[in-house]
Protein chains: 2
Amino acid sequence: MNPDITRERQNASFDVEKLTYILDGGPEKTKRRRQIEALVFSDPDFNEDDPNFLSRSERYDQAVRKSAQMILKLREYGIADPEEIYHYKSMVKGNQQEPFGLHVVMFIPSLRRLCDPQQAKKWLPLADSFQVLGTYAQTEMGHGTHLRGLETTATYDPATQEFVLNSPTVSSIKWWPGGLGKTSNHAIVLAQLYSLGNCHGLHAFIVPIRDMTTHQPLPGIVVGDIGPKFGFNEVDNGFLKLENVRIPRENMMMKYSKVEPDGTYVKPPSSKLTYGTMVFVRSMIVGESARALSKSCTIAIRYSAVRHQSEIRPGEPEPQILDYQTQQYKLFPLLSMAYAFTFVGQYMTEIYHRISEDINQGDFSQLPELHALSAGLKAFTTWETNSAIEVCRMSCGGHGYSRSSALPDIYVEFTPTCTYEGENTVMMLQTARYLVKSYRQAEKGQQLSGIVSYLNESQNRRVQPQAVASRRPLVDINDLSSLVEVYQQRAATLVEMAAKSIQQELQRRKSQEDAWNNSAIDLVRASDAHCHYVVVKVFNDKLKGVGDTAIHSVLSTLALLYAMHGITKNSGDFLQAGLVSVPQVLQISVRIKELLSQLRPNAVALVDAFDIHDKKLNSVLGRYDGNVYENMFEWARRSPLNAAEVHESFQKYLKPLRSKL
Amino acid sequence: MNPDITRERQNASFDVEKLTYILDGGPEKTKRRRQIEALVFSDPDFNEDDPNFLSRSERYDQAVRKSAQMILKLREYGIADPEEIYHYKSMVKGNQQEPFGLHVVMFIPSLRRLCDPQQAKKWLPLADSFQVLGTYAQTEMGHGTHLRGLETTATYDPATQEFVLNSPTVSSIKWWPGGLGKTSNHAIVLAQLYSLGNCHGLHAFIVPIRDMTTHQPLPGIVVGDIGPKFGFNEVDNGFLKLENVRIPRENMMMKYSKVEPDGTYVKPPSSKLTYGTMVFVRSMIVGESARALSKSCTIAIRYSAVRHQSEIRPGEPEPQILDYQTQQYKLFPLLSMAYAFTFVGQYMTEIYHRISEDINQGDFSQLPELHALSAGLKAFTTWETNSAIEVCRMSCGGHGYSRSSALPDIYVEFTPTCTYEGENTVMMLQTARYLVKSYRQAEKGQQLSGIVSYLNESQNRRVQPQAVASRRPLVDINDLSSLVEVYQQRAATLVEMAAKSIQQELQRRKSQEDAWNNSAIDLVRASDAHCHYVVVKVFNDKLKGVGDTAIHSVLSTLALLYAMHGITKNSGDFLQAGLVSVPQVLQISVRIKELLSQLRPNAVALVDAFDIHDKKLNSVLGRYDGNVYENMFEWARRSPLNAAEVHESFQKYLKPLRSKL
């Protein structure tokens, strides 16, 4: 054990294990998670060399092997609880993805959701036994967010009772679905349904794409891998071009809408049936943000405790880089963010389960709020985390660029969350739509409830941003509840400003749509402020349930840092709205420095509490024992370019070059 | 040619070719650059497939081949002017790096700088003919920025008249030098010199590391590649462990200091001799920021003109995504930044050459200012560009994640500039040191000249941030010169605040060093504001020399956008210092929207003016002809995972899995 990191642990003011319980949701949960994780790292079948040492094809190969083993072992161990599967899977995957992802997360759930009973009886056993390996083919090369724009067609032919599927243009080629390129033999294809000369819009079809015995592509199917990406090397994101591909009528997924044998189209009862899945996945992504950020902070903070560099006082030994104020200012606000997002992730899970219950009881009233919340928080947390991972990486100096640090892998595997499951700007605008709608309801005198209820008050206050700058703010900057209030009022102000911008555009005789587009900057800003408020509020609420004094104290420091740092980073908003004064902004800057010093002795313990096993972290810089350099050297020597002392390029190019000069 | 992009070009209000001349520094320069570029892309020896399709070892191999060819061809064509070599090399490299980089940029210049005449006569011909292929081994695994901390030792043995080199610890292993792992047979090694029992600090030694005939590592040399990184796949960044390696006394680089045969040490006349090179390299990096950002904007803006998505007005065709206000707000400020940094790059080159002249005349008076300027602007432009590339990438939706977009490559090759040649936070603090020193001189009544002369005025104004918020600002937000003034005053305020923070810490009986560290956040912020001011000022100055009315108009719009966007992003600073009022901040937000609309018709033309050849851009999304989708499909089909229809993992894992379930 590195002596620096040992000393750090001795200096902690709280019981790390108890904080881990809070993060896991109780000691039993921690225990069970560790049991499951131990199943993986004690299993020689999952021993592997760093994927960064392999070619793309080898990486895919290794990932398929691991996925196949995982399926067998989960069944062998009888692990079936989704949370437990998640823990097992996370350990197997490490910082990478897995090629069966969409089969499990999208294909099977879609079969459950969209098949009629007869279809379910046929397809589910095939999918569960991996005879059928499937993916979900929605996105096309030219079409993403806007589903109505998809071009793939499925035309019913009553003569043969078949659908004929086509990709009529290059831009209509299905593009990006995970597992489509090489792994899957079936795909759920979203296509525009044509029957008896009429288009009935998007529907889902089960399309066999590869022979179930030989795995060769079927006639009319052009399928393959979309090529190397920024990360996701383990996944064969694929393309699919359909050329007069015929499938039986029964392969249309008919739970809600149907085409009769004669071609008669039967409409679905409701058009909002996929709402739930999207909300669930987006809520999950909030938790993924917290986990990626926790990993990154663990690496950067442990390494900063081990790394010595330069000098603060001349003649003294080089200090740990964690002693530099600039390093603390880079990392501790991110550490506080990691805690904040962890609690927001827990909050989203709770709220999702609560509202799912309501929906099962036939009460859909909370769904719009949950939809708006999950969209906005997905965007807010992924954007923040995306930048934060890179700050962590760069805070490690040169070694952060080495794949041995794991930070490049964490970044490239995480960054797609900003785009998939709803592009972030689009998400922010969806949340804004809900906020503006709520604002207008309050304006009309309706009493709002739930998370937007603060917009009621805003109507009472009638905020005039231009006038309030001189108003005397009443905030107590050292009181977190008071800061929550300030964030709330900032959100209210910005929602109001966005709504007024739309109003002004309409008065300039713009159409509703153009007014919206011309206010989009303000709308995104309002959503961002709303989400920021929710995060600060959730963090504050969480503190109320923490009984342990030492833990309560350190978490309060983190929460205060999170809130204050957000104010200094957005001080213009708060000053403009007259919510804090100029002297208060200066006081907050001074307070932040004090908070950094307060957190310094607990920094390593606070990342230890995330309890991320070395095997899962897979980072030489972030090792629990702090023995960075020896292990970095060992890792480098295993790197494939060192397999031969002399690289073949010497004989091929360097020797001939000399003779020509 | 894609019709959308054709229409964009028809709508431009200015002559693209004339703007290109301005960016290149004149029509003759543009012509010559294009001639040189044509030499590369008409040369079949440089035809290659996408490096992203190759393994690490193949990438290195291909890069060595291209580098060797480049050396031969440059000599064949007689291209010797550094700027012309730069253009040729940029085309050969594309978005990647090259393994001979350090031989040319560091090894040979160091031989010139540090060898005495006799040594130069021996080593330079060997290096020029690539018999000796060298690198510059300074950084160690445990030591980067702080040179005095380096641990490698060179101990003189008078008995044999040799130096004995050692890596006494794991952390002393040389780590990161480019070309060290596999390519080089010599290294200039920085080591602590010991002679007759005394340590004389860091000195440079020429150390043979591989046999010049067999290329095998020499006895006592442990050398290899440091393993995969975030980018830089073409470069064999290496490690070097020295175990009692003996080199003749003559291999110490003796231009300035010496060890006599009997072991007597002769001191160098001055200790600041490497100052110049660092300043030059940092100045160059400012230009690299501009080029990376220009590439990224070219890709994102052209693609946004071709991509159609969603709807603004219901029922109408999907609009170009460049018509969304949010997309313009993401990209146009970055476009303005690309222009700003291009002009700052030109400015740095001019100022560097001017001051080099002075130095040659024995006038060192401007060197500290240039040093501070290059350090700060290196940090400012690389940090800004680093984030900006990712914004460009994510503005392309899913396809930005594909390696075919080139954006991932641009990012990973660029991001190390934030760390190498001086870690950015350290750079900002160096600039801050100059600013605070200048401030104190002004405080004492000295009249400052040069770029910091604004600190004179600040002394007259005696800014009191707490008091000025109520002061009536006099800025005309629509006048760029007035905005330059505002940026200047912001910088002055923040330098003053940082200096006062140090003062306050000292009054709390902190040592000078602790006071500095406890004010580091404020110091970095002051440097950042200073650099921001310089960029806005240089952009404004550049406009004065632009004669063409149409170009002057569009560049003025860009400059105004750059300045206004910076104010809204840092509005807290400007409000706090009382430099703009709350209503003005709101007016600026409205003005920014107008500027976005004004720039919209010229956006594609403005990136066309960067004149980045398709072959150099190597981006399917950024193609000049806008034919994105066909080429993306073609690129994907060439990807190695598609070499076989059925991947071997099917037989190995998927079939067996089924039989077990």
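Just so you know, glycine gets a Cβ as well, placed from its N, Cα and C.
Predicted automatically and left uncurated, TrEMBL annotations should be read as such.
What TrEMBL says about this one:
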ACT_SITE  A:GLU421  active site, proton acceptor
BINDING   A:THR139, A:GLY178  FAD binding site
DOMAIN    A:15-132  domain 'Acyl-coenzyme A oxidase N-terminal'
DOMAIN    A:275-436  domain 'Acyl-CoA oxidase C-alpha1'
DOMAIN    A:479-657  domain 'Acyl-CoA oxidase C-terminal'
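Positions of the features from TrEMBL, shown on the structure.
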| residue | record | DSSP (3 states) |
| --- | --- | --- |
| A:THR139 | FAD binding site | coil |
| A:GLY178 | FAD binding site | coil |
| A:GLU421 | active site, proton acceptor | coil |
Chain-internal residues near A:THR139 (FAD binding site), provided their CB is under 8 angstroms and they sit 6+ positions away: A:LYS174, A:TRP175, A:TRP176, A:PRO177
Rounded to the nearest Å - Cα separation of A:GLU421 (active site, proton acceptor) and A:GLY178 (FAD binding site): 13
Near-B candidates in A:THR139, A:GLY178, A:GLU421, the recorded positions, by Cβ under 8 Å: A:THR139
Entry from the recorded positions list A:GLY178, A:GLU421 having the most other CB atoms no farther than 10 A: A:GLY178
Secondary structure tally of the domain 'Acyl-coenzyme A oxidase N-terminal' (A:15-132) (DSSP, helix then strand then coil): 90 helix, 0 strand, 28 coil
